[in-house]
Amino acid sequence: MILVLLGPPGSGKGTQGALLKSELSFEHISTGDMLRAEVSKKSPLGLKAEEYMKQGLLVPDDLIIAMIKNILTEAPHKNYVFDGFPRNVNQAEAFETMLNTMRLQVDKVFYFDLEDDVIIKRLSGRRVCPKCGATYNIYYQKPKNDTLCDNDATPLIQRDDDKEEVIVNRLRVYKEQTFPLIEYYKYKNKLFVVSADGTQEEVFEKLKSML
């Protein structure tokens, strides 16, 4: 079975992908992790990808598709969940073409739906300890002292990409890119909408009921 998880930043799709791996033994494929792994092992595809990444450019779709094909070829009978890929209709079409050559297909696509104001709260409320890496949220998971880490009393920081104006822009870009993709999978009768409002356990139960 091949699943695709879609959803805006802060919708928790990465967490749900990790739960599918730990609870149901899916192989969880995040394209960011996959790219970093290929670069670190200096594979031929990784070396090509690194040339683009060093220049701050997006890695071309054909390289990403080739990496995914290598993973699937090694174990075509496993269950896979793709997190954050495809990102647009062009990638979805290239992915589908590649899967067809292997007599595989995307079985279901889950879109994690969440209101913008909840996403902004989830992300802009994040605070991180620069010393130990502990993460808090001033709305949902407060430290004992509002501004200090529970572990080592280091002042907490807000990362630049968690600032509200950055999040609003990320959401705008995400919608522009991804809404056509949602329509693409809806047309193919593969789209399932999951309400991402709730605890990660509650959302996972909803997801499992749709598998």
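Including glycine, each Cβ sits where the backbone N, Cα and C put it.
Annotated features in Swiss-Prot:
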type    : residues                                                                             : note
BINDING : Gly10, Ser11, Gly12, Lys13, Gly14, Thr15, Arg126, Thr135, Tyr136, Gly198             : ATP binding site
REGION  : 30-59                                                                                : region 'NMP'
BINDING : Thr31, Arg36, Leu57, Leu58, Val59, Gly84, Phe85, Pro86, Arg87, Gln91, Arg159, Arg170 : AMP binding site
REGION  : 125-162                                                                              : region 'LID'
BINDING : Cys129, Cys132, Cys149, Asp152                                                       : Zn(2+) binding site
Intrachain neighbours beyond the region 'LID' (125-162), with Cβ under 8 angstroms and 6 or more residues off its ends: 170
Nearest of the binding-site residues (Gly12, Arg126, Cys129, Cys132, Asp152) to Arg87 (AMP binding site), judged by Cα-Cα distance: Gly12
Cβ neighbour count (within 10 Å, all chains shown) around Thr31 (AMP binding site): 18
Residues within 8 Å of the Cys129, Cys132, Cys149, Asp152 Cβ centre (excluding the Zn(2+) site residues themselves): Pro130, Lys131, Gly133, Ala134, Asp150, Asn151, Ala153, Thr154, Leu156
The region 'LID' (125-162): DSSP-derived helix, strand, coil residue counts: 3 helix, 11 strand, 24 coil
Set of same-chain residues at least 6 away whose C-beta sits under 8 angstroms from Tyr136 (ATP binding site): Arg126, Arg127, Val128, Cys129, Lys142, Pro143, Cys149, Leu156
By Cα-Cα distance, the member of binding-site residues Gly14, Thr31, Leu57, Val59, Phe85 nearest Cys132 (Zn(2+) binding site): Gly14
Spatial separation of Gly10 (ATP binding site) from Phe85 (AMP binding site) - C-alpha basis, Å: 16
Around the Cβ of Asp152 (Zn(2+) binding site), the count of other Cβ atoms that are within 10 Å: 10
Gly12 (ATP binding site): nearby binding-site residues from Thr31, Leu57, Val59, Asp152, Arg159, Cα cut-off 10 Å: none
